[in-house]
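I have placed the structure first, in the form of structure tokens, so that the comments after it can refer back to it.
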Amino acid sequence: MNNSWIVLPILFQLVSAVVLLLTWGNIKIQKIVSILLSAIGLGIGIWLFLLIYNHGIQVTQSGNWPAPFGITFVADTFGSTMVLLASIAGFSVSIFAAGSMSRARLRFGFFPLLHFLIMGLQGAFLTGDIFNLYVWFEVIIISSFVLITIGGKKAQLEGAIKYVALNLLASIFFLIGIAFLYGLTGSLNMADLATKVQEIDNKGLINVTASLFLVAFGIKSAVFPLYFWLPASYHTPPAAVGAIFGGLLTKVGVYAMVRTFTLIFAGDVFLSLILSVMAALTILSGALGAMYHRHLGKIFGYLIICHIGFMMAGVGMMTELAIVGTVFYLVHDIIVKTNLFMVSGLILKINGTQDIKELGGMYKSKPLLSLLMAIPLFSLVGIPPLSGFWAKLFFIKGGLESKEYFLIAFIILGSFLTLWVIAKVWSEVFWKDAVNLPKKSKGIFFHELSSTGKWVLVLPVIFLSIISLYIGFGAEHIVSLSQRIASELMNPASYIETVLSQKTIEP
Amino acid sequence: MIFAVISGFILAALVPLFSSFARNLIPKIYPFLPLGIFIYLGTCFSQVTQNAPMHWSYNWVPSFGVNLDFRLDGLALLFGMLITGIGTLVFFYSSYYLKEDKYLDRFYGYLSMFMAAMLGLVLSDNLISLFVFWELTSISSFFLIGYKNDDPSSRKSALMALGITGFGGLVLLAGLIWIGFVGGSYSIIELVNSSELIKSHEAYPWIIGLLFIGAFTKSAQFPFHFWLPGAMKAPTPVSTYLHSATMVKAGIYLLARFTPVLGGTDSWNWTLILVGGITMLYAAAHSLFRTDLKSILAYSTISALGILVFLLGVGTEDALLAAGIFILTHALYKATLFLITGIIDHETGTREVTSLGGLQKVMKPVALAGYLAALSSAGVPLFLGFISKEIMYESTFHFSNWAIILTASIVLTKVFLFVAGFWVGIKPFTGNLPQEHAKAKMPSPLLWIPPVFLAGLCVLFGVFPGILDAFMQTVFNSMSPEGEVIHLALWHGLNWVLVLSLLTLGLGFALYKFLKPSQSLKGKLAPFDKFAPIELMERIGITFQSFAGSWTGFFQNGYLRNYVISILIFLTVLAGYRLYDGVDIHLDWSQISDITPSEFLVVVLMVTSIFFALITKTRTGVIVALGIIGLANCLFFLYYSAPDLAMTQFSIDTLTVLLFMLVLFQLPKNRSFSTRKLRVRDGALSLMFGVLISILALEVFEAPSYTEVSEYYAENAYLLAKGKNVVNVILVDFRGIDTLVETVVLVIAAMGVFSLLKLNLNPFNKE
């Protein structure tokens, strides 16, 4: 169905960013405006999701040039779900940032950048054009790069260099891949590519191109052995930036991987095998890294890698059942990881450190906050019936179905080590008595804040925790949503047909 | 029924809300929760014992076949009544035992959550919901063991218990899904019908292996048993409830539940006999080397769990019946012993059996409970323990060729347990009362009534076993659906079993008289400590931790260039292999058009600057050289009539150079990091990658292509888009969105440059 309103999430974020640029330097107004606009953005996300959920896939051709000649925007269930999740994360982070970021950083355009970043994500989720996807990736990279560097601290810059260098490398591979695809098919429209790639005889070249995409998206989604940028950079920026990164940046790589490998490069068995092996080692590397480190930001960073491995395992199995698992996990992970980085920011705000050896005594001093923080922590572990649990059912059953037993073993190992790491964090940070809390903080301590200031920090955590609880207890809704998405992904005929149906241009 | 299960969770969740204003009311109100459910289960009793299991079903995640299907049959009822019955006593007991505690409200929260989870576990007919509750018991156990969280050893024990049971749980999950996958259903009752199908399936050994690991870790079987003694760090009511009467029996429950589905094969029976046998002997012997009352109880509990696994392994009708009765017997006497240990600890401040004695002078009812429980544990006639022991011996005595060995090992275990039971239940109360404990006094009735009540049941059921007939029949039928009609009796006739029974009592009493618990005895075990599973497990843990360090350090080594190299190697190998594997390489130079002089010039410019970038020693030099390459690209765009593109490239390139400069200035001065060898390696790698991409580009260039899109652009650029330059039209119309977004990229980059220039939160300044 044709509906040009589906680009609204993108446009709205663009307008928001511009509005915020106009109020440059006026932090008070920016805070309020950003939160307000994010709330409206969330509303738009909900609207789009419901629209697609009730009326099916919607398409618009930019400039009214028929596909595959112009740039197509497509909102299918997968895309609109991702848009909604990004809006939720954006909304929470906007509030959290208003409470936690230092004035200096806010003065230099944090809020417009946040909205530019969200715009990039929304664009990536809604575009139906492979080169346009690349362009959205550029927006994401550049805005996240600037977000990392705002403040210009030495550690930040060091992390930023690695971040941007490796991500640009990924972009180059992506671009080369696009060039090859264009050379082979003469098209950039993903639906069109899907049909044309199937018709090409020279499968060898397509397969090589697919490996370029694998590496490009593999870097973005931080898969073994390509994940280096993530541990190097995620713990350096302030918590609000970490939250949006942890929640969404790697996931957009997973999204792109799932999208291209189900639509364009479907049925490549060798690729699935490589992905499975990479997934297993990703799980291992992430879990080991999380075990090794004692800085909360680094621990959570490595856990992101570990859980990216879960999602990749689903992609590697490439059965509909496994993709259900991947999609479910994606939904869970975006919410919970955003929340975790905010939690780690909150812990820093309260105690002045993020080193678990120094931290302690939170359960005694802040019992209710501790219980609140337990929700994302144990959701992440996947203590049933919390949100991290359900996807594993699909991964294990999917692994049995495709007889990839080693992946099941690694998923169990990864889950176990996650459990272990989080239990250790709980024991060290919440149970143990504080060892060596700094007397002076670099910023303002939590207890020095006004009660509004406190609530601004706590509310987004509560908000996301409630969503996590909903994903866990109302798992049926998310499972049926994921099943619908997986079924659409594995049978892309209707996607392709909807995009390409409108061949002639109306004057 | 769902309300019965969920109410515990609801009450647990309400604790944080209540605690601000009604914190003192919680211990007074919450004990009525298990009591209420116990009464409710009691109302179901008559229907269930008439062999008519009750069902309740609630949809949860039907898309994966996960539903809350509760099924109350004999086995579930037995466990349900233990959970809520002993639960009631423990809830009341704790309200006095932990009266002084600051965080008693939390304690009740965890305890309610545990009770609900345990209840859900035994009621679930659905494999996945069973697992959900299974994990919830582990996690509530974690919180309860670590309840005294100031104590490092408490925390360590909690982590260890969670580590072992959590690991087992995940393995179990795989096993359960596998059963469902092979058997085509997640309902246990439906799986009974496909029992033969599963047993003959090739995955059967894997399935039972995974299931066993789950059950053994939870029920503390050798070599996973060591978390249980550690778990005794929890307050005594918790040990009574979780780590003796209910949670640790979850593994037993699981095995019993799956006996009709998976049992009856050699691999099933012999694994259980072996593991159960080792556990019961090992732990029973160990209990004699302990002097702390709770440690003795911990090991005797492990041993009792071993006996249960062993009996399920023997698997004959007698054995299953014995297991059913022993679950009840053990829960009654062991809970009593734990509760009186708690009282002793509470009143005297010590649990060292060596320094205790004569307490019957000051706390008669407690002593009475201790005596009765110890006698039941020993299996003296007129106690429930006697009846279960008789049937146990009966079952092993008639077990094929191995009867003698099996019977001997269970007799030996029973002898050891006799002593352990006497040490806890009798020794502290008899003999002389030491001076320092003379002030010990009779505790509150809330403390002593629960053990006396339980001990009374040991006698009641022992004297009139007939009242259990109907109940045990249904329990038995849950494990053995076509089982015979049973009848429990005190007198089984004069036979070998009776002789063995008397022999056990005689030997046990002799050993009790001869062997005194002492520290030196404990010391004798020390040399073997390094072979103990706990030591091995800790060493594995340490090795694994250091492995984690080296693995992480190896890959995440801090050098950007290593990261780039790893990625390039990965891509080169992957793409190279696929190229080699699937593409016929033939290059046809004739298709390529001639090179114009200007193109040649630009290429020379590019190549020169690349080499300059490689050779130069300064960062600025490198950046400038790279900038030139970017500008040279602009020239290419100009030649191919794309001035807009050239402009964009020009601005982006300039900005990037600026950004890089700013960031790089913050970094330490450039030094030469690489040796000659490394440079050669890097050079070779770059060359390989470059060649690979070039070959690919040429191959792609030669491959036949669709021209639909480009022809459309050429035809319609003027007619429909009203533009003469096709490239321009593509940029601003056909693909105008790309251009728009790239403009945004420029804006963002400009913001970055601005903030880098202006804002400098130097690490040495305060933020």
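Note that Cβ sites are derived from N, Cα and C of the backbone, with glycine treated the same way.
Note that TrEMBL annotation is computational and uncurated.
What TrEMBL annotates here:
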- A:6-25: transmembrane segment (TRANSMEM)
- A:32-53: transmembrane segment (TRANSMEM)
- A:73-96: transmembrane segment (TRANSMEM)
- A:108-127: transmembrane segment (TRANSMEM)
- A:129-418: domain 'NADH:quinone oxidoreductase/Mrp antiporter transmembrane' (DOMAIN)
- A:133-152: transmembrane segment (TRANSMEM)
- A:164-184: transmembrane segment (TRANSMEM)
- A:204-227: transmembrane segment (TRANSMEM)
- A:239-258: transmembrane segment (TRANSMEM)
- A:270-292: transmembrane segment (TRANSMEM)
- A:299-332: transmembrane segment (TRANSMEM)
- A:405-423: transmembrane segment (TRANSMEM)
- A:455-475: transmembrane segment (TRANSMEM)
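Here the transmembrane segment (A:270-292) has long-range neighbours at 207, 210-211, 214, 218, 222-225, 227, 231, 261, 298-310, 312-313, 315-318, 404, 406-407, 410-411, 413-414, 417-418, 420-421, meaning same-chain residues at least 6 beyond its ends whose C-beta is under 8 angstroms from one of its own. The transmembrane segment (A:204-227) makes no contact with the transmembrane segment (A:6-25): fewer than 3 of their CB pairs lie within 8 A, with pairs spaced 6 or more apart in sequence. When the stretches A:6-25, A:108-127, A:239-258 are ranked by Cβ pairs under 8 Å to the transmembrane segment (A:73-96), first place goes to A:108-127. Against the transmembrane segment (A:239-258), stretch A:108-127 shows more Cβ pairs under 8 Å than any other of A:32-53, A:108-127, A:164-184, A:405-423. Tertiary proximity for the transmembrane segment (A:133-152) is limited to same-chain residues at least six positions away from its ends with a CB under 8 Å from its CB atoms, namely 102, 104-105, 108-110, 113-114, 116-117, 119-121, 123-124, 127, 159-160, 163-164, 167-168, 171, 174-175, 178, 190, 220, 233, 236-238, 241, 244-245, 249, 252, 256.
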